[in-house]
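All remarks here apply to the structure that follows.
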Amino acid sequence: MLHSKRREYTANNQDVTYTELKTCKSPWKHRIPTVKQSPVVLCEEQLKYGELTFHRTPQPQPRKQAMGRKRQGPKSTVWRVVTGMLGALCVVLMTTTGILLPKLFSSQEEQCRKTSLHPLRCPKDDASCDLCSSDWIAFGNNFYCVFKENTKTWAESQSACEELNSHLVIIDSKAEVENLLLFEMDGWILHKMDGTNSSWLWRNDIKIQNTLTNDSEKKNHSCHYLRGNLFMPDECSAKKSYICEFNI
């Protein structure tokens, strides 16, 4: 009886199949009657192997598609890196802009304020201008100067300012007060009590609240001077520094 077994091996993308052929002993001896041929007796078990080789056909891939995949890999990686770097740069720029813009605006406002208030110096050889003897601070069309060394009474201060073609400072607005405070100007100002209605009046008839209740105090403290952000009443005969104002 003939039996067959198959064993499969794979090497170098090839499938090799071995077929085992087995013959068994036969009780009958087969002889070939011809004289010329030698008798063949199958007495022993004989094994014969036949080798069958099958070639596996690889599936063809488009060459362009394979090359395209190889080329797309590095490019996509580079684009991702570039995109990430640009995103991080945008975040940094937005953060920096948000921090610097408020500082820039505040510095510009401060610079504009300082340019509107700047010391005025006249030429040294100009003897006709008495205002050039000291530094005057300009604010719009007004110029201010504080005389701290030679203290005078309120009347003497007003006369000294008139000799310079100016007058004691007249405060017309809150902004003017803030500018005087910025340069720390203290001294007599043109602010005097009106004896008719016992109210405090500016030179331009702008009223302020009466701070003195006693009539004797009103008469003795009828003059005003500026100290910091306060308007202090005092005796007009007291000697203090004074602030002159010159209008263009």
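Indices start at 1 and increase along the chain as displayed.
Including glycine, each Cβ sits where the backbone N, Cα and C put it.
Taken from Swiss-Prot, the feature topological domain 'Cytoplasmic' applies to 1-80, supported by a curator's inference.
Note on the motif 'ITIM motif 1' (16-21): its mean pLDDT in the predicted model is 50. Annotated motif 'ITIM motif 1' per Swiss-Prot: 16-21, in sequence order.
Under the heading motif 'ITIM motif 2', Swiss-Prot lists 47-52, citing similarity to another entry as support.
Long-range neighbours of the transmembrane segment (81-101) within the same chain, counting only residues 6 or more positions beyond its ends whose Cβ lies under 8 Å from a Cβ of the stretch, are absent. Swiss-Prot lists 81-101 with the feature transmembrane segment, giving sequence analysis as the kind of evidence.
Under the heading topological domain 'Extracellular', Swiss-Prot lists 102-248, citing a curator's inference as support.
As annotated by Swiss-Prot, disulfide bond applies to Cys132-Cys145 (among others), with the evidence given as similarity to another entry. In three-state terms derived from DSSP, Cys145 (disulfide bond) belongs to an extended strand segment.
According to Swiss-Prot, the feature domain 'C-type lectin' maps to 139-245.
Per Swiss-Prot, disulfide bond is recorded for Cys161-Cys244 (among others). Within 10 Å of the C-beta of Cys244 (disulfide bond) there are 27 other C-beta atoms, taking all protein chains into account.
Annotation comment: Swiss-Prot describes Asn197 (among others) as N-linked glycosylation site.
Swiss-Prot lists Asn214 (among others) with the feature N-linked glycosylation site, giving sequence analysis as the kind of evidence.
Residues annotated as N-linked glycosylation site in Swiss-Prot, with sequence analysis given as evidence: Asn220 (among others).
According to Swiss-Prot, the disulfide bond annotation covers Cys223-Cys236 (among others). Mapped onto three states, the DSSP output places Cys223 (disulfide bond) in strand.
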Shortest C-alpha distance to Cys145 (disulfide bond) - which of the disulfide-bonded residues Cys161, Cys223, Cys236, Cys244: Cys244
Nearest-integer angstrom distance between the alpha carbons (Cα) of Cys223 (disulfide bond) and Cys161 (disulfide bond): 16
Integer Cα-Cα distance in angstrom, Cys236 (disulfide bond) to Cys244 (disulfide bond): 17
